[in-house]
Structures are given as structure tokens and as C-alpha cells.
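What TrEMBL says about this protein:
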ACT_SITE  A:H393  active site, GMP-histidine intermediate
BINDING   A:D91, A:H200  Mn(2+) 1 binding site
BINDING   A:199-203, A:320-321, A:369-372, A:S376, A:393-396, A:K469  GMP binding site
BINDING   A:H231, A:H320  Mn(2+) 2 binding site
Amino acid sequence: MTVVQDGPYRFRIEPSGAMRVPGVVFASRELLSTADNAIGQVANVAALPGIVDASYAMPDVHLGYGFAIGGVAATDPRDGGVVSPGGVGFDISCGVRLMAADIDAADLAPVLEDVMDGLDPAVPRGMGRGAVWRPSGREELTGILTGGSRYAVQRGHGDERDLLRCEDGGAVADADPGQVGERAVERGAGQVGSLGSGNHFLEVQRVAEVYDADVAAAFGLSGDQICVMIHCGSRGLGHQICTDHVRAMEARMPRYGIEVPDRQLACAPVDSPEGRAYLGAMAAAANYARANRQLLAQAARRVFRRAAGARLDLVYDVSHNLAKMEDHDVDGGRRRLCVHRKGATRALPPGHPDLPPDLREAGQPVLIPGTMGTASYVLAGVPDGRAFYSTCHGAGRTRSRHQAARGVDGRTLRARMEADGIAVRASSWRGLAEEAPDAYKDVSAVVEAGEGAGLCRKIARLEPVGVVKG
DNA sequence: ATGTAC
């Protein structure tokens with residue numbers, strides 16, 4: 001495999017073997033060197049039937065299930081294009097929601113501990129347990145799977161204005177709850193409105209630096225302002241859907257004459273019963289994840305109103321694990337493509353018709369959750385964005401959970417963060433240790449590379465004031 | 001990421 005640098009922050013993997021298109025990695029040399037075991041996966045994805053243009057990787061690329069986390073690939077259904085659950089990931093529609101408070105850091109300081117003590121019991125989290133909303137029966141769960149944040153708002157959990165600031169208006173079309181298996185439904189029923197574990201979190205943050213005041217203002221952000229960032233996904237429901245549909249596709253691949261370099265890249269034509277079934281179930285999980293973030297946002301709003309007298313307005317809600325049917329210009333023609341983004345964020349450019357009117361001039365907000373205890377970023381899509389208007393999604397691991405937990409004790413880590421002025425409410429010491437910042441890449445380097453590669457631009461940097469950890 | 005392995 002030959003990897004050559006062919007631009008600033010841009011490397012090219014020449015097609016070889018089963019590759020139908022080249023690979024393109026947007027990264028600095030340093031970031032690339034921390035992810036060399038994922039480059040083979042970028043090359044493998046280039047072998048998917050119907051892939052268009054290139055197999056792309058974002059600056060935070062790292063090893064994933066079959067398809068690298070940080071990977072972007074678009075396929076053309078009219079050219080035998082496939083959809084691969086591995087190209088979306090187990091945590092379907094995992095994503096980030098950012099809310100801006102009407103108070104600044106100085107206003108929050110005297111009541112920070114009250115806010116954190118309010119959030120602690122109000123944000124269900126950790127493996128398995130707890131949920132904000134227990135659906136009363138199949139009808140309510142179906143509403144969530146079909147309507148996402150929109151259904152949650154209809155049921156009184158939020159306001160109409162929230163939906164304007166959600167990707168897809170808060171609900172993905174074409175969800176098919178009938179393709180969500182019984183086991184996925186059972187797992188999902190008890191977890192509506194819960195954070196989960198791992199790198200999922202709810203953080204109280206401060207706007208530490210603004211790089212573009214006009215665009216920040218359009219997003220509703222200004223210096224020193226307090227924000228709340230929520231990072232979570234579709235919990236056991238999305239996980240079970242991925243498992244079920246990978247299995248179903250694996251069994252059918254020989255019949256479609258599809259061969260892939262890695263079994264974990266199981267896939268089916270977009271226009272096939274298996275492809276449509278997965279996309280319908282995936283959309284249902286995407287709506288579940290959005291309702292999940294909507295409900296946790298409401299929980300945070302109640303606490304902020306009570307403990308700080310503050311209001312939280314939605315900045316944006318965007319997923320970083322999803323496949324979407326989108327129209328793109330390729331080789332001078334307009335084509336409808338199935339765009340897989342796994343650990344990659346859609347970043348629509350200024351003027352894009354899918355943006356709400358009040359964000360159209362600024363471009364789409366892109367929300368980058370940093371590693372626990374470090375910075376997070378707000379970015380914006382740029383004109384002439386690359387990789388089907390995509391950019392990075394976060395820091396990306398460099399050390400395994402096991403290695404991270406061996407390096408530091410959770411209590412020590414908490415004490416270190418509290419000494420740095422960050423309030424911490426953890427759900428387990430082991431879980432906290434697994435998320436030690438030194439087990440991750442430097443999110444600032446990732447963002448610099450994304451900007452340098454022409455994928456996005458920086459709008460603001462946020463720093464944590466309080467961490468509620470899954 | 002995940003009732004951290006059917």
C-alpha cells in the first residue's frame with residue numbers, strides 16, 4: 001500500500017488490489033502516524049461496490065469495526081452502491097447537542113455546585129440503568145422511533161424553536177420501526193433519556209475563545225458565556241440493530257455476489273430488501289438518539305432554571321454516526337448518494353438550502369466534543385467543503401480503555417480535575433479512569449488539521465466547568 | 001459504543 005502526501009493536511013492511498021477508488025486521509029503527519037493501523041481500513045472501504053470519488057478519512061481517524069472511525073464513504077445506488085452497517089457504527093446517530101445559557105461564567109460560579117448537585121440525579125447514566133422517560137407502551141416507543149426530537153417536543157418535552165436547530169428538523173424521514181427487532185425494542189424501552197457510558201457526557205462549559213464573532217453570534221454564542229454540551233447516542237437499541245443487520249447482510253452477500261476485504265464490512269445494495277431494511281431500522285435508531293438528546297436537554301433546562309435562574313437555548317444538534325441519502329455534484333453531474341459518516345460530522349456550507357434561514361449565511365454549526373477535562377470546539381461548514389461536506393468528530397483514542405485505566409486511578413483523576421476548577425460527577429471510578437485525557441489525541445490538533453485541510457473552520461473553543469460523566 | 005462473550 002502506497003501513501004503519498006499530495007497537499008497540506010492531505011494524503012492519498014493509491015488504488016491497488018480490490019480498491020475501486022483511491023483513499024484520501026485529511027491529517028497532519030503527526031496525526032496520521034497515530035492512526036496507521038486504521039489506514040488499511042480506509043483502503044478496504046475503497047473496495048465497497050458503488051463507492052464514488054474516494055474513501056475518505058478525517059483527521060481523527062482511528063481503528064473501528066471494519067470501517068475506520070473518522071471514515072466517510074458515499075455509494076451510488078444506481079451503480080450497485082451498497083450500505084454497510086459497519087460504515088455507521090454500533091452507536092447509530094451518536095451525536096452532540098449544544099445549548100447556550102443566558103448567563104456567563106461569573107454568574108454561574110456562586111451556584112455551580114448547586115447546578116452540579118441538581119444535574120447529578122437528573123441525568124441517568126452508566127451501563128444499563130435509568131431513563132428520563134419510560135414509554136407507556138409500544139405506541140409511545142413507535143412515536144419516538146418515527147418522530148425523534150419532534151415527537152418529544154409534541155409530547156411537551158421542549159419547544160418548536162428547538163426543532164429548527166436540529167439536523168433534519170429533529171426527525172429523520174423513512175424510519176421503519178417494523179425493521180427494529182424485538183430485542184432492540186426491549187433494550188431501548190428502558191433507556192429513553194439516558195447518557196450511557198464510555199466517552200458520553202454532559203458538560204457545563206464556558207466559551208473560552210471566539211474566533212469569528214459574527215458567526216458565533218449567529219449561533220447564539222459569545223465570549224465567557226455558559227453552555228451545556230450533551231454527547232450521547234442510541235444506547236442498546238442502536239447497538240442491537242447494528243448487530244442484527246450485520247448478521248442478516250453477512251448471510252445474503254454471496255447471493256448478491258458481493259465480496260469485501262473484511263467480514264466486518266458486511267453490506268447489501270441500497271436498493272435491496274436487506275439494504276432498505278437496515279436503512280429503515282437505522283433511521284429509527286437515529287430518531288431514538290435525537291429524542292434521547294432532547295429529553296436530556298430538558299432535564300438540564302429544569303436544573304438550570306431552578307438552581308441558576310438561567311435559560312438554555314439550543315445552538316445545534318448534529319449526529320456523527322449516520323448514513324444519509326444526499327444529492328451531490330460528482331464529475332459534473334448531480335447524483336443521489338448514500339453517504340456513510342462514522343465518527344465524522346456533516347458540515348454544510350454557507351448558503352446550503354438544508355440550513356434553517358437564521359443559519360444559512362453562517363454555515364452549519366459543527367460540534368466537536370473534546371476529551372473529558374479538555375476543550376471542545378464549535379466549527380462551521382465552509383464553501384467548497386470536501387468529502388461530501390464532512391469533517392472530524394472529536395479527539396479519537398490513542399490508548400485502549402484497558403491501557404488508560406491502568407495508567408491512572410479514577411479518584412486521582414477526579415481530584416486532579418477538581419484542582420483545575422472542574423466540578424466532576426462520575427458514575428464509576430473505573431469509567432472515569434478509562435476516559436483519562438492522555439488516552440486521546442489532542443483535539444486542538446485535530447481541529448487545526450480539519451481547518452487546514454479545508455473541511456471546516458473554527459468558530460469558538462469551549463472549556464469545561466463541570467463534567468457529568470457516563 | 002455495548003446487559004464490555006451465546
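Cβ from N, Cα, C; glycine included.
Note that TrEMBL annotation is computational and uncurated.
Features per TrEMBL, on structure.
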{"residue": "A:D91", "record": "Mn(2+) 1 binding site", "CB count, 10 Å": "24"}
{"residue": "A:N199", "record": "GMP binding site", "CB count, 10 Å": "23"}
{"residue": "A:H200", "record": "Mn(2+) 1 binding site", "CB count, 10 Å": "23"}
{"residue": "A:L202", "record": "GMP binding site", "CB count, 10 Å": "26"}
{"residue": "A:H231", "record": "Mn(2+) 2 binding site", "CB count, 10 Å": "27"}
{"residue": "A:H320", "record": "Mn(2+) 2 binding site", "CB count, 10 Å": "30"}
{"residue": "A:N321", "record": "GMP binding site", "CB count, 10 Å": "29"}
{"residue": "A:T371", "record": "GMP binding site", "CB count, 10 Å": "23"}
{"residue": "A:H393", "record": "active site, GMP-histidine intermediate", "CB count, 10 Å": "30"}
{"residue": "A:G396", "record": "GMP binding site", "CB count, 10 Å": "26"}
Sorry to bug you, but what's the C-alpha spacing from A:D91 (Mn(2+) 1 binding site) to A:L202 (GMP binding site), rounded to the closest Å?
17
Between A:N321 (GMP binding site) and A:H231 (Mn(2+) 2 binding site): CA-CA distance (Å):
12
A:D91, A:N199, A:H200, A:T371 filtered to the binding-site residues whose C-alpha is within 10 Å of A:H393 (active site, GMP-histidine intermediate):
none
Quick one: of the binding-site residues A:H320, A:N321, A:T371, A:G396, which has its CA closest to the CA of A:H200 (Mn(2+) 1 binding site)?
A:T371
Whole-number Å distance between the CA of A:N321 (GMP binding site) and the CA of A:D91 (Mn(2+) 1 binding site)?
7
Between A:D91 (Mn(2+) 1 binding site) and A:G396 (GMP binding site), what C-alpha distance do you get in Å?
15
Could you round the CA separation between A:H320 (Mn(2+) 2 binding site) and A:N199 (GMP binding site) to a whole angstrom and send it over?
14
